[in-house]
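Undergrad: Structure below; questions to follow.
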Amino acid sequence: MSVLIVTGTGTEVGKTVVTAALAALAADRGTAVAVVKPAQTGVRAGELGDVDLVRDLSGVDDVHELSRYADPLAPVSAARRAGLPTPDLGTVAVAVRRLQADRGLVLVEGAGGLLVRYDHDGSTLADLARTLAAPVLVVTTAGLGTLNATALTLEVMANRGLDLAGIVVGSWPVEPDLAARSNIVDLELLAARPLAGAVPAGAGLLGTGQFLQIARSSLEPALGGAFNAAEFRRRYAV
């Protein structure tokens, strides 16, 4: 897996923290890792963006923000309002392949969900994943409403022939409610596999050393960590 696409079932689901966890684990095992953000929205010039958070949490400096728009909208909408060119996913694919040539892992974090539009032709992160023949890691929420959003994302992936790298809960609550605990089993049924991880809420506020420890316990071995889905299920599921 030299390229991994990280998408979410929506906005503010924990994609950036999960991306940082993946980067931290890769770097810790000695893998040369790069992180690419094709389009950053909702951040003005001079402000810190998602790749800056990834750098701060993971200690990985090889991060690349390819375009930025001030309004917190889909990339195509934010570009239109700013009077700027939309992101070119063909150019993004070239950049990722260039990085891939001498890195062991390239992480590509999308904006919002899988079908958010990047340009006026309707290009999406799903199209980029297909172009790169890269698996997709889906970051989702824990609580009420996650099952429908996750099912829709997985259905789109199946219809487009995209490979699922796993489902990760991006922010597992300190005190999970009934819905969150019940959703563990249902998310695994949707994915037809165990959860690939669950990152504790607040992980994005930790320092680099503590964050690495959390990353290791929050992601499954296939992603570089030591997360045990069966143990997590026994502890929380109802």
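Using the three backbone atoms N, Cα and C, a Cβ is placed for every residue, glycine included.
What you see is a predicted model, and the numbers here were worked out from it, not measured in a lab.
Quick paste of what Swiss-Prot says about this protein:
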type: ACT_SITE; residues: LYS37; note: active site
type: BINDING; residues: 12-17, ASP50, 109-112, 170-171, 200-202; note: ATP binding site
type: BINDING; residues: THR16, ASP50, GLU109; note: Mg(2+) binding site
type: BINDING; residues: THR41; note: substrate binding site
Undergrad: Taking just the CA atoms, what is the gap between GLU12 (ATP binding site) and the residue listed as 'substrate binding site' in Å?
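TA: For GLU12 (ATP binding site) versus the residue listed as 'substrate binding site', the Cα atoms are 12 Å apart.
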Undergrad: Spatially, which candidate from the recorded positions LYS37, THR41, GLU109 is nearest to GLY14 (ATP binding site), comparing Cα atoms?
TA: GLU109
Undergrad: Could you check which of the recorded positions LYS37, THR41, GLU109 is the closest Cα neighbour of ALA201 (ATP binding site)?
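TA: Checked the recorded positions LYS37, THR41, GLU109; minimum Cα distance to ALA201 (ATP binding site) goes to GLU109.
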Undergrad: Just to be sure I understand the packing, how many Cβ atoms besides its own are within 10 Å of the Cβ of GLU12 (ATP binding site)?
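TA: By my count, 11.
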Undergrad: Restricting to the chain of GLY112 (ATP binding site) and a gap of 6 or more, list residues whose Cβ falls under 8 Å of its Cβ, or answer none.
TA: GLY8, GLY10, THR11, ALA74
Undergrad: Measure from the CA atom of THR16 (ATP binding site) to the CA atom of THR41 (substrate binding site) and give the result in Å, rounded to a whole number.
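TA: Per the Cα atoms, THR41 (substrate binding site) and THR16 (ATP binding site) stand 13 Å apart.
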Undergrad: Once the DSSP letters are reduced so that anything not helix or strand counts as coil, what is GLY110 (ATP binding site)?
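TA: Note: GLY110 (ATP binding site) is in a strand by DSSP.
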Undergrad: Measuring Cα to Cα, how many Å separate ASP50 (ATP binding site) from the residue listed as 'active site'?
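TA: Given the Cα positions, ASP50 (ATP binding site) is 8 Å from the residue listed as 'active site'.
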Undergrad: With every protein chain in view, how many other Cβ atoms are within 10 Å of the Cβ of GLY110 (ATP binding site)?
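TA: Here the count is 27.
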Undergrad: If one measures from the C-alpha of SER171 (ATP binding site) to the C-alpha of GLU109 (Mg(2+) binding site), what distance in angstrom results, rounded to a whole number?
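TA: Between the alpha carbons of SER171 (ATP binding site) and GLU109 (Mg(2+) binding site) there are 17 Å.
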Undergrad: Over all shown protein chains, what is the count of other CB atoms within 10 A of the CB belonging to ALA201 (ATP binding site)?
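TA: If we count other Cβ atoms within 10 Å of ALA201 (ATP binding site), we arrive at 18.
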Undergrad: What number of additional C-beta atoms lies within 10 angstroms of the C-beta atom of LYS37 (active site)?
TA: 25
Undergrad: Between ASP50, GLU109, which of the binding-site residues has its C-beta surrounded by the fewest other C-beta atoms within 10 Å?
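TA: With the binding-site residues ASP50, GLU109, fewest surrounding Cβ atoms within 10 Å: ASP50.
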Undergrad: Give the helix, strand or coil assignment DSSP yields for GLY14 (ATP binding site).
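TA: The residue in question, GLY14 (ATP binding site), is coil (DSSP, three-state).
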